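Copied over from TrEMBL:
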- 27-47: transmembrane segment (TRANSMEM)
- 59-80: transmembrane segment (TRANSMEM)
- 92-110: transmembrane segment (TRANSMEM)
- 148-169: transmembrane segment (TRANSMEM)
- 181-200: transmembrane segment (TRANSMEM)
- 212-231: transmembrane segment (TRANSMEM)
- 252-276: transmembrane segment (TRANSMEM)
- 296-319: transmembrane segment (TRANSMEM)
- 349-370: transmembrane segment (TRANSMEM)
- 376-394: transmembrane segment (TRANSMEM)
- 406-424: transmembrane segment (TRANSMEM)
- 430-448: transmembrane segment (TRANSMEM)
Amino acid sequence: MNLFRKKSVDQLLEAAEKTGLNKKLTAIDLAALAIGSVVGTGIFVSTGEGALRAGPGVIISYIIGGITAALAAFIFAELVTMFPVAGSTYTYSYVAFGELIAWIIGWDLLLEYLVSASAVASGWSGTFVGLLKSFGITLPEAITKPPISGGIMDLPAILITAFVAWILYIGVRESATTNNIIVLVKIGVILLFLFLGFSHVKLSNLTPFAPYGWKGIMSAAAIIFFAYIGFDAVSTAAEETKNPTRDVPLGLVMAMVVILTLYISVAVVLVGMVPYKTIIPDNALPGALMSIGINWGSALVATGAAVGMISTLLITLYGQIRIFMVMARDGLLPEVFSHIHPKYRTPHINTVITSLVAAIIAGFLPLDIIIELCNIGTLSVFVIVSIGILVLRVKMPNVERKFRVPAVWLVAPLTAAFSLYLMASLPWVTWLRFGIWMLVGLIIYFAYGRYHSVLNVQK
């Protein structure tokens with residue numbers, strides 16, 4: 001049995017025509033999709049944690065993470081215009097490397113999206129509970145914390161996951177419209193933070209700039225990279241885009257310009273407003289405004305953070321569901337994951353199952369290891385994408401590409417190098433957990449996927 005059997009481009013496009021998914025998304029929708037997925041939990045939580053690790057040098061950490069994500073975004077853009085179908089890196093790997101590698105990448109992406117969705121739901125719960133406390137409302141710990149933290153369940157995390165699942169269930173147009181509105185709200189409160197905080201920036205707070213040296217900057221970069229996870233969700237939506245060869249690259253570029261500008265600006269204002277040692281990791285932006293006496297601004301930013309995390313949860317679940325659907329369509333997972341609702345034209349059973357698992361994780365497990373697991377999963381995907389683009393340039397030089405990565409033989413190796421450098425900054429226990437997850441995936445593939453694969457059945 002050939003474990004490295006490959007799909008052809010014609011097979012990918014033929015499969016895409018059979019899905020029945022609506023093709024409604026535009027470049028603006030895709031840009032909002034990426035911004036909604038990326039600018040969420042990370043900018044409200046990771047910035048504070050990064051500042052504690054790097055001091056004002058967290059600004060450099062964000063630049064390093066941003067460069068890595070931006071380089072990868074261009075590579076994703078070329079791949080999507082070659083293969084305008086759902087499935088992200090999993091789909092491209094099926095053509096470039098064959099089935100086994102595609103399975104490994106798909107399983108890796110499932111880790112990234114599922115764990116990230118659970119993390120965002122739990123992060124939203126913490127922000128929401130904190131916001132209620134600012135109005136004098138205190139929810140009992142029994143329904144706001146998982147068992148290991150002294151509660152019974154994190155009910156707000158479960159409920160917000162259920163709400164987002166319903167939005168996704170009824171259709172992508174509703175999902176895109178809802179997301180666009182939330183993105184505008186989120187960017188608005190971030191701009192409010194920048195406006196209120198800029199006049200309070202003190203140069204004295206920026207020195208020493210790197211109190212923990214380069215090691216601290218890279219340690220922070222490995223953590224705050226969580227703030228960049230999710231932009232590749234755009235590529236999973238290619239199959240539902242009106243003109244993917246034009247709109248996907250345009251949407252990615254628009255999104256990355258906005259994201260980089262926002263993140264670097266927030267980092268500069270935050271560490272300039274208050275001494276980095278006084279920043280509260282899980283309430284960094286609202287806490288900073290409160291410390292300078294702008295309580296009303298703090299409440300508004302906290303509200304925006306809670307609203308913004310909803311869009312992040314929506315897109316991470318969206319990407320998870322679509323990848324499950326494509327892998328099931330290929331026979332590597334049970335067919336039930338690819339069923340399309342006759343009215344809403346969405347993978348409804350997949351949506352329910354995926355959201356249920358995410359809700360259970362968010363409601364009953366702690367978050368202390370989740371961010372690092374998300375990061376190592378995402379960065380490993382970036383490494384594969386960087387190799388894949390070069391392989392495809394050699395093996396498929398004549399396949400139409402409406403967008404081509406400039407200086408690809410420089411950009412792709414740089415993307416891989418930056419990604420590996422960030423991975424090396426993560427603790428060994430994260431590598432161990434990642435290895436266990438991948439081992440479980442291989443067991444599933446050899447026990448089920450390789451026998452039920454569409455390519456095997458066709459053969």
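One is the number of the first residue shown, and numbering goes on along the chain from there.
The backbone N, Cα and C atoms fix where each Cβ goes, and this holds for glycine too.
By the count of Cβ pairs under 8 Å, the stretch nearest in packing to the transmembrane segment (252-276) among 27-47, 148-169, 212-231, 349-370 is 27-47. Taking residue pairs at least 6 apart in sequence, the transmembrane segment (430-448) and the transmembrane segment (212-231) share fewer than three C-beta contacts under 8 angstroms.
Spatially, the transmembrane segment (376-394) is adjacent to the transmembrane segment (59-80); three or more Cβ-Cβ distances between them are under 8 Å for residues at least 6 apart in sequence. Under the criterion of 3 or more C-beta pairs below 8 Å, with sequence separation of 6 or more, the transmembrane segment (148-169) and the transmembrane segment (349-370) qualify as touching. By the Cβ criterion (distance under 8 Å, sequence gap of 6 or more), the transmembrane segment (181-200) is not counted as touching the transmembrane segment (59-80), fewer than 3 such pairs being found. Remote same-chain residues near the transmembrane segment (406-424) are listed as 64-65, 67-68, 71-72, 74-75, 78, 218, 221-222, 225, 375-376, 379-380, 382-383, 385-387, 389-390, 393 (criterion: CB distance under 8 Å, separation of at least six residues from the stretch ends). Under 8 Å from some Cβ of the transmembrane segment (27-47) lie the Cβ atoms of residues 58, 62, 119-120, 123-124, 127, 176, 179-180, 182-183, 186-187, 190, 223-224, 226-231, 233-234, 237, 241, 246-248, 250-252, 254-256, 258-259, 262-263, 266-267, 270, 281-282, 284-285, 305, 308-309, 311-316, 318-319, 371, all in the same chain and six or more residues away from its ends. Remote same-chain partners of the transmembrane segment (349-370), defined as residues 6 or more beyond its termini with a Cβ less than 8 Å from a stretch Cβ, comprise 114-119, 121-123, 125, 146-149, 153-155, 157-158, 161-162, 164-165, 168-169, 317, 320-321, 324-325, 328, 336-339, 429-430, 433.
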